[in-house]
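If you check TrEMBL, you get these features:
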type     : residues : note
DOMAIN   : 1-254    : domain 'G-protein coupled receptors family 1 profile'
TRANSMEM : 17-40    : transmembrane segment
TRANSMEM : 60-79    : transmembrane segment
TRANSMEM : 100-122  : transmembrane segment
TRANSMEM : 142-167  : transmembrane segment
TRANSMEM : 198-217  : transmembrane segment
TRANSMEM : 233-256  : transmembrane segment
Amino acid sequence: CTVIFTRLATRDLHKPISILFCNLAVSDLFTSFSGFWISMLFITNPDITIFGSQDMLAPYALYTTSILSTIYNLVSIGIERYLAVAESMRTRFRVARNHSIAVVFISWVLAFFLGCLPLMGWNCLHAESNISVLYSPFCVNYLVFITMPNVVAAFLVPLFTYLRIIIILRKRKLRMQACGQATGTYKSVETQVARTSISIWLLALVSYAPFFAGVIFDATNQRCHTDLYPGAYIFRNCTATLITITCLGNPVLYTLKLRALGAKLKALRCPSGNRVRACTI
């Protein structure tokens with residue numbers, strides 16, 4: 001909420017990357033709300049979160065949609081950062097605001113479509129043969145269908161884009177050194193990008209790898225719900241906690257630079273006459 005408020009109030013949405021940052025915060029907010037909804041259902045009626053029920057379809061669908069939207073945003077941010085520093089063979093490609101808006105729209109449409117497939121009939125409410133033991137009444141083949149490509153994209157695309165950014169910055173630094181020019185700025189930027197990209201990739205790995213492992217276990221498991229209680233469901237809850245931590249970690253890694261955030265909040269408290277100058281600084 002802080003990310004959304006500060007970016008809307010300081011008109012940062014004029015920048016294409018800020019649209020993606022703000023949308024990432026919205027996705028994380030949806031993930032937190034849907035996770036809270038599932039937690040309340042567990043508190044009021046734990047059995048339906050274990051054995052599955054019609055009441056679990058909507059919260060699980062919203063949870064899936066928000067996670068998919070977060071993954072698509074992380075991938076989009078990595079690609080946008082790569083395009084911002086990379087040069088094509090003839091001219092530099094600049095990502096415009098309209099491009100970011102289109103990406104946001106497509107990401108949400110795709111996330112809603114894939115996330116709401118169980119509500120459209122792809123569920124195992126009346127079928128026991130293919131039902132998921134961890135996420136009943138979802139079907140195992142549905143979980144495999146949405147998990148495999150999206151988790152792989154969440155791991156590989158950011159890894160590739162940020163590695164390419166570091167390689168491009170290093171080549172430019174070596175080129176400037178060969179010309180006898182100062183390279184302190186490039187060295188600082190390269191270090192910062194490397195540090196941030198490693199943190200982003202590790203956060204995605206720690207957060208989504210257990211969920212991915214849970215889906216693999218679900219697909220290969222032949223035992224019923226009672227045989228897996230309580231260990232498998234404790235593991236499921238831990239994966240949900242890690243995904244929630246991702247929602248908290250994304251703003252810190254992408255937008256909540258403490259100094260910059262403090263300056264923005266201070267600018268919002270300034271009188272209207274001084275706000276333009278404070279925000280510019």
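Cβ coordinates are placed from backbone N, Cα and C, and glycine is handled just like the others.
Here the transmembrane segment (142-167) does not touch the transmembrane segment (17-40). Their Cβ atoms form fewer than 3 pairs under 8 Å, with each pair 6 or more residues apart. Tertiary proximity for the transmembrane segment (100-122) is limited to same-chain residues at least six positions away from its ends with a CB under 8 Å from its CB atoms, namely 16-17, 19-20, 23, 57-58, 60-62, 64-66, 68-69, 72-73, 76, 80, 137-139, 142, 146. Mean pLDDT for the domain 'G-protein coupled receptors family 1 profile' (1-254) in this predicted model: 80.
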